[in-house]
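Student: Pasting the relevant annotations from TrEMBL:
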type     : residues                                  : note
BINDING  : 32, 92, 168, 169, 170, 171, 199, 219, 220 : substrate binding site
BINDING  : 57, 59, 92, 197                           : divalent metal cation binding site
ACT_SITE : 59                                        : active site, proton acceptor
ACT_SITE : 197                                       : active site, proton donor
């Protein structure tokens, strides 16, 4: 009996290890709500979700880490009340003291707390704080930061965000030369969620998808479109097809 149980546990452990290694990540499209009409942000969030968004990307800027100022946790709390408990809020914290806002954002209803590696001297401690606050952990890097600097933390986070523009301003041109970072992360950490943010739309999605990104932030390309639903569907299809191709190529 003991040997049978041991064999079963061992087989289960092997299956879990295999599943973890080969686990399929999925295509997720997250409109950046900062591109919407800020005077009716609640209804814009609802509109994006109705158009098929998988999550909402909320940019928090403090005027220090980046030059612009946007909104903080009181706005997040209002948006959470507006859309209900289910939608996934990915908080992109472009702030110089990310530790300061973990608990307020968790209380306001944030689902994932994505902080910048450049903004903290103790990423490990911050990751722990975010987990203890029952949020998922995202770790972002600016274009000038190497992917190798993110690598030591990759097994402790839920998502890596590779910025494809300099953070802080909308409407910038997509930086093709960030794609090797995405490719490297995908090869090293096969089941990690990898997000790209900045200048991503129908014209650039295939580069992102082929590199291995699966969480796609898109601002003006989605929200400024006459038909956001079809743009979201197009982006998702491109990523899903790239994921399928990658799994077949293995």
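Glycine residues also receive a Cβ, built from the backbone N, Cα and C atoms like all the rest.
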Student: Take the mean position of the Cβ atoms of 57, 59, 92, 197, the recorded divalent metal cation site. Which other residues of that chain put their Cβ within 8 Å of it?
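Tutor: Here the nearby residues are 30, 32, 34, 58, 90, 94, 114, 161, 217.
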Student: For residue 168 (substrate binding site), write down the residues of its own chain that are at least 6 apart in sequence and whose Cβ falls under 8 Å from its Cβ; none is a fine answer.
Tutor: 61, 66, 67, 68, 94
Student: How many Å separate the Cα atoms of residue 197 (divalent metal cation binding site) and residue 32 (substrate binding site)?
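Tutor: Taking the Cα atoms only, residue 197 (divalent metal cation binding site) lies 9 Å from residue 32 (substrate binding site).
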Student: Taking the Cβ of residue 92 (divalent metal cation binding site) as the reference point, list residues of the same chain whose Cβ is under 8 angstroms away and which are at least six residues distant in sequence.
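Tutor: Set apart from residue 92 (divalent metal cation binding site) by at least 6 residues yet with Cβ under 8 Å, we have 57, 58, 59, 60, 114, 138, 140, 161, 167, 197, 217.
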